[in-house]
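Notes follow once the structure below has been shown.
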Amino acid sequence: MSFAELLERTGGMGRFQITQVALMCFPILLMASHNLLQNFSAAIPDHKCKANDTWYQSNNTDRMGYVRLSAPLDADGQPDRCLEYVEVQWMIAGTNRTWANSSQLATRPCTEGWEYSKDEFNSTIITEWDLVCGHKNRRQLAQSVYMGGVLVGAIILGGLSDRYGRRALLIWSYFQMAVSGLCSAFSPNYLSYCIFRFLTGMALSGIGLNTTALIVEWVPTRVRTITGTLAGFSYTVGQLLLAGLAYAMRDWRWLQLCVSLPFFIFFLYSWWFPESARWLVLSGKTERAVKEMKKVAKLNGKEEEGEKITLESMRSDMIKELACAKSSYTVIDLIRTSTIRRISCALSLVWFSTSFAYYGLAMDLQNFNVSIYLIQVIFGAVDFPAKIFSTTAMIYVGRKFTQLMSLILGGVVILANSFVPHEMQTVRTGMAVFGKGCLAASFSCVFLYTTELYPTVIRQSGLGLCSTMARIGGIVAPLVKILGEYYPFLPLVIYGGAPIISGLCVFFLPETVNKPLPDTIEEVEKRIKAPKKENEMNEIVSLKKKEGMKENPVNDVL
């Protein structure tokens, strides 16, 4: 009897599993908010050089008149946001003269700071620390620092969970998220903000990895797809929730508090979660595993079945799992054989490009000239049909085709969007939304596809590699936006080209629909080579038939 059958005996998808999954989905709502938080907390309001109050008051000039006299025009014919004249051009006061000769006048960066519009935001980190003009790239850097924390968290907290358990690391991650998020809200300067956001990113990885592990290891195999989809939809709802919270909280510090304080509640009730019995057995803690299984059986109303579980029965039921645990495998096994190496290379590119393009679009909402709150809702809502389509296509068409089409179609749409004139904002927004939906479908597919491609003995290592590549994509994505300052079309070309290239690499991956999960590397190698041998045999038989027909004169007549 396997551990999956043992779970069915103790209630299957019972009251305990339903309660646990529900409680773990609440934090996922706010994980989406933290990932996309800088769309609002680091939004850039309209701004201009701050007026010298003493000068324009003493000269009987209103504020707009002062701006006209003190700032040159930019390429769009508007007062420049970053430059001012060295000397105020008082000679054009009270006239209709323009800045025709402004290029010949001496200018300098704003000396008094900046004035920011409060039409949409009361306060952001941009207005707090003047992250504009010469410091504007710090906005993208802050998001990359956060994604760097997500990467480091995946490496450190993911590894520690295999040593100290999923439950302990999940509890710690909730606490770290609450504290670091709280500290971010009270950051006195940009440097401390980046440090606390880095720690927040680490905690987010710990929550994501250990939540997934506890859900998967406590629910029966038959409902894993459903619970995984539920978690995915929770993330999507979280994107809609962020738009509502940001609309209500126009101050970035209050918004940061709003998405961080609930993690103290999650931290408190997470002590109720039991440790993964599967992990306990594989870690040699069978006695505690028996206690946890009995507790779960009791909660599911299967107390009699729980009493039948003993140390001996638990060990005998998990012989296969224990045998796999005793085998020694390392990250090197991900590239040791030709087939696994091909799978690892292709999946690494798929994960990188999906995350890279996804966050490149999702973190650039202000460029659509639409209400940032509305576009956040639209970008979040498109994930619902995308994930429904992806799930349906995976079942009826297959994983390979779904993955390939979602990447190539998304990449082509994003690439084409770079050629649409900026005046056609409705078309540009619609294409961006469609492209983001394709990438959401890709994310939904690649999680399951990766799990099915890697054998049991190196599955966690494979997922770890792919997760790392996705984090690197998330780190690089904001930095590519900086190129747009020099070549406006270039970011979309890069965001669109990456999914197309990775989509072509999917051609080299095998189909996994309706096939049992492989347990060993040898099993994967045989599964790939078997169809090739079968095709070779069919070709040989076909050639022999043709040769036989040529040698037989009756066949020639016929």
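In case you wondered, yes, glycine gets a Cβ from its N, Cα and C as well.
Membrane topology per Swiss-Prot: LEU83 and GLU287 sit on opposite sides, carrying different topological domain names. Of the listed segments 59-78, 99-118, 539-558, Swiss-Prot assigns region 'Disordered' to 539-558. When the topological domain 'Cytoplasmic' (391-400) is classified with DSSP, helix, strand and coil residues number 8 helix, 0 strand, 2 coil. Predicted-model confidence for the topological domain 'Cytoplasmic' (219-225) is 76, expressed as mean pLDDT. Using a cut-off of 8 Å between Cβ atoms, the transmembrane segment (226-246) and the transmembrane segment (401-421) share fewer than three residue pairs, counting only pairs 6 or more apart in sequence. Here the topological domain 'Extracellular' (247-253) has, by DSSP, the following mix of helix, strand and coil residues: 4 helix, 1 strand, 2 coil. The transmembrane segment (401-421) shares the most Cβ pairs under 8 Å with 489-509, out of the stretches 168-188, 343-363, 463-483, 489-509. When each of 343-363, 370-390, 463-483 is checked for Cβ pairs under 8 Å to the transmembrane segment (489-509), 343-363 comes out on top.
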